[in-house]
Number of protein chains: 2
Amino acid sequence: MRGLLAVVWKNSLRKKPPLRTRFLHTLKDRQCSQILMSPPLVSVDLPDIWTPNSSSFGGSSIVKTFDEQTTVVLDGKMISTEIRSRIASEVRRMKKCIGKVPGLAVIVVGQRRDSQIYVRNKITACEEAGIKSFVTELPTDCTEAEVQNALLRFNKDPSIHGILVQLPLPQHLDEGKVLDVLCLEKDVDGFHPLNMGNLAIRGKAPLFIPCTPKGCIELLIRSGVEIMGKKAVVIGRSNIVGLPTSLLLQRHHATVTVVHAFTDNPEQITSEADILVSAAGVPNMVRDNWIKPGAVVIDVGTSPVEDPSCEDGYRLIGDVCYEEAVKVASLITPVPGGVGPMTVAMLLSNTLDSAKRILDFT
Amino acid sequence: MRGLLAVVWKNSLRKKPPLRTRFLHTLKDRQCSQILMSPPLVSVDLPDIWTPNSSSFGGSSIVKTFDEQTTVVLDGKMISTEIRSRIASEVRRMKKCIGKVPGLAVIVVGQRRDSQIYVRNKITACEEAGIKSFVTELPTDCTEAEVQNALLRFNKDPSIHGILVQLPLPQHLDEGKVLDVLCLEKDVDGFHPLNMGNLAIRGKAPLFIPCTPKGCIELLIRSGVEIMGKKAVVIGRSNIVGLPTSLLLQRHHATVTVVHAFTDNPEQITSEADILVSAAGVPNMVRDNWIKPGAVVIDVGTSPVEDPSCEDGYRLIGDVCYEEAVKVASLITPVPGGVGPMTVAMLLSNTLDSAKRILDFT
């Protein structure tokens, strides 16, 4: 694990509350045969037993050791490479056993440069993992019916086990109406309302957990961050990141607050968070005074900024002012190379899970 | 409105942050013809426009006038009576126009005294509103299939527009499996995962909002409490109250934190809430030090405690220590007579809405 983390030495010896924990070895041992370390959601559901006579309400102990001199920079690229390699090996096993491989279909509408690049990355990742991929490109001015028809064709195609519509769609298209026709069993992005409801409801399990939130939790678990009993703050309440991330953190027993554009003095709230997940899409919004010393900071923001020196003509900027945050946080994800690669790995993981379920392969 | 509120004069002149607002007259004028004042969910969805250069993130102004000398005790019984009377009038209009009335079916399993009383109250309320009601009582040891069969019969019955299964069910029955067969169009309790997903997702609207959370929001709106931009804390994360209440408050643009049994020092979090909704089911858990001076306190807890002097042999105790809270809060709901009657009124409202939708009556 150490090899997966870049360690930044701090000059400051500022007092930080203990937070990051070492690996839970029992968990590691139990799950070493799995591709992901995140346990199934229903298995993490625990009964709420209130103990009202104490000021502390049960839950796990918060006191953990933490090395004050280091900030861990999580290398999402390396972790995702490891996960993708395990997925590739599982795909080979599937091909060998039943002669079939998972298939992912992507529908992309218009010429948004960021969407084009995201789709290209997903397709490349599929190819590397042995997952068959299919892309339907539609013009910006296409109709809702055209997108729906493309979806319906993929719904029926037995060689396709996962379908995603690259968002955002052009403004004249109603995302909800488009996604409503997507076959629930192939909704590898997990955006269907039924999936979201089952993510929210304890005792239920969605068929798919949305990729970015799933990647965030996987990063936390792989880094030995204990979620249960922690104060978690999610910045942003988008349907595709903020909302499902908050629901997922709550399923893992964090005390979750969602901060959004109507929140007054958000930094007062975020600076009390043990785990801070930022998904606002506002470059460098999260400054050092937004962060509790020793907090775990997951930066989901990826705002493209023009930069001719970069291969694609632009570079991605996170929500978190990295230079400041790295001096305060105990663990941080960089942008790029943090959550982004994990999103792609989780998409492959969901597609593999879907193919296994549909093909009844274990 | 003044007639609906009991006012308690305080001895203390303690400084309270301003919170409760007077009626928004434009809202009142616009909605006076409606039974409920809560606007449709999709209409309250606003785009999140971040203004990261300011420490305040837009939203509404928090500074409001508040009369320091009073605590408003909300009379949920009186408010719900007014709502039920308007529902009754709407049912009469329906009968006159199309010769049909809404129908509600209730399935109750076993002999839990509290369930029996809740069901009786619901049936009485239906009768008073002119809504036809049907009750199926099943023995404690019945099977999942028997409950499902009862549900399926009501699903098919065109005279039934709303169905509810009185919870909790005996432990040997899987609530999720039972509720899964409930026809979505008749799920007046709003517990179906698809309803919950659509409650969570901005831009979507569930067919039904769960009754207790809907009643809480209706109380807030009728009392002129502004939700947008406020810090709201929900104690408890049950699928039927805590979860949907937190989702609903977020749809109304509050900054929501959910406190549960794994939260350390919950009183530190609750004492920062402008709006505190307690749904833990632990009698008198919320003491004065849990409440921010001037906060709005909604007590959803109803724990039955033996009391031979009461008609039913027991009385209901809330989560909130009323005697202490009434000295700190600016607005509080009593138990009984606060949220409870609103839940019943919202059930009738959902049943009426369902009948109108199914019968295409406007």
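Including glycine, each Cβ sits where the backbone N, Cα and C put it.
Remember, it's a predicted structure, so these values are computed and weren't measured experimentally.
For reference, TrEMBL has these:
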DOMAIN    B:74-189  domain 'Tetrahydrofolate dehydrogenase/cyclohydrolase catalytic'
DOMAIN    B:210-357  domain 'Tetrahydrofolate dehydrogenase/cyclohydrolase NAD(P)-binding'
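Here the domain 'Tetrahydrofolate dehydrogenase/cyclohydrolase NAD(P)-binding' (B:210-357) has, by DSSP, the following mix of helix, strand and coil residues: 53 helix, 30 strand, 65 coil. Residue counts for the domain 'Tetrahydrofolate dehydrogenase/cyclohydrolase catalytic' (B:74-189) under DSSP, split into helix (H, G, I), strand (E, B) and coil, are 62 helix, 19 strand, 35 coil. Each residue in the domain 'Tetrahydrofolate dehydrogenase/cyclohydrolase NAD(P)-binding' (B:210-357) has a pLDDT score, and their mean in this model is 96.
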